Amino acid sequence: MKKHNFSAGPCILPEEVLQKASQAILNFNDDDLSLIEISHRSKPFVDVIEKARNLALELLNLENKGYTALFLQGGASGQFLMTAYNLLNKKAGYLNTGTWSSKAIKEAKLFGEIVEVASSENTNFNYIPKNYTIPTDLDYFHCTSNNTIYGTQMKSFPETDVPLICDMSSDIFSRQLDFSKFDLIYAGAQKNMGPAGTTLVVIKNEILGKVEREIPSMLNYQTFIDKESMFNTPPVFAIYTSMLTLEWLKNLGGIPFIEKVNEQKSALLYAEIDRNKLFEGTAQKEDRSHMNATFKLKNEALKNEFDTLWKQANINGLEGHRSIGGYRASMYNALPLYSVQALVDVMQEFERIQKL
Ligand SMILES: *Cc1c(COP(=O)(O)O)cnc(C)c1O
């Protein structure tokens, strides 16, 4: 039986996507060739990347609004560099909500002055700063919608006239937002969209062309826009599998549908974390993530016992990130509700055993 997979990334994908992706490796489109041994410029693959790009814009409700969707390489980490390279002239603002934001800030500092508009580092990033003021003279403002490691999530986004850039790696396509508020969104595929190897970038075309420096071709968004995301050989398997996941999501009812399921899943788990006296959540309640729930045992001495129990229950990937410890249950789009129920059952069983 497939394990209940709470892995933070690379993460669970829908069963039907894995089936179709496996089939395409052996025989793609009934052409008696594998997806990974045909030209990326052949019609069957060009159709795939076109479909993936269109589905991304459609699901985000950004069709015909001046945006382009690209499938790039280099991970979300590559975007820490690329966003600054393409958009930072003098000064940019960053909201520092965790490890990934900090890494984005480090890269951007190579290109200009960085204002850390607000930070929750003083409390090991267990909340999202609020009521900060964004200076008006910035080239852009950068934030991280969901902090995969710390289990916090932005529930609202600042109103600002400067371009808004968001790292949505771990919650893209998981909840309804007005995506047209953002000028650039990026997301590594491997959290909520596909396998590792590609990064979705959704960019409002008009924000480009405003920096003075020369940008190397491979780091220039315009190169990839002009070449329809095919300047060089793209990661064909990662893009194909992402397309399958986006198709799966669309057929289910898109983001409005999956958002409700995600709310159900996280409500079920957080209710147990709050009810069960053996556990406590690590993120502030109002900022809790619907994707990654972080929690810990009140008594660390029980760790081995609990670990044995959840592993016996066919659960995978519950260990917290090394920088915060404890547990982290990642509940991405493809994780079924019954997997969350299985975890809740284990937590209740653990409580029962402790009372004996
Ligand atoms: C995982 C993650 C990253 C890093 O992604 P890579 O594709 O490994 O570079 C960046 N930001 C967030 C929010 C993440 O969850």
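Every residue gets a Cβ built from N, Cα and C, even glycine.
Of the residues THR148, THR152, THR245, TrEMBL puts just one in the pyridoxal 5'-phosphate site with ALA76, SER77, TRP100, ASP167, GLN190, ASN232, THR233: THR148.
When the Cα atoms are compared, LYS191 (N6-(pyridoxal phosphate)lysine) and THR148 (pyridoxal 5'-phosphate binding site) turn out to be 9 Å apart.
For the pair formed by SER77 (pyridoxal 5'-phosphate binding site) and ARG41 (L-glutamate binding site), distance between Cα atoms is given as 27 Å, rounded to the nearest Å. Taking a Cβ cut-off of under 6 Å from any atom of ligand 1, the binding-site residues ARG41, TRP100, ASN232, THR233 reduce to TRP100. Cβ neighbours within 10 Å of ASP167 (pyridoxal 5'-phosphate binding site), excluding its own Cβ and spanning all shown chains: 29. In this structure, the CA atom of THR233 (pyridoxal 5'-phosphate binding site) is 9 Å away from the CA atom of ARG41 (L-glutamate binding site).
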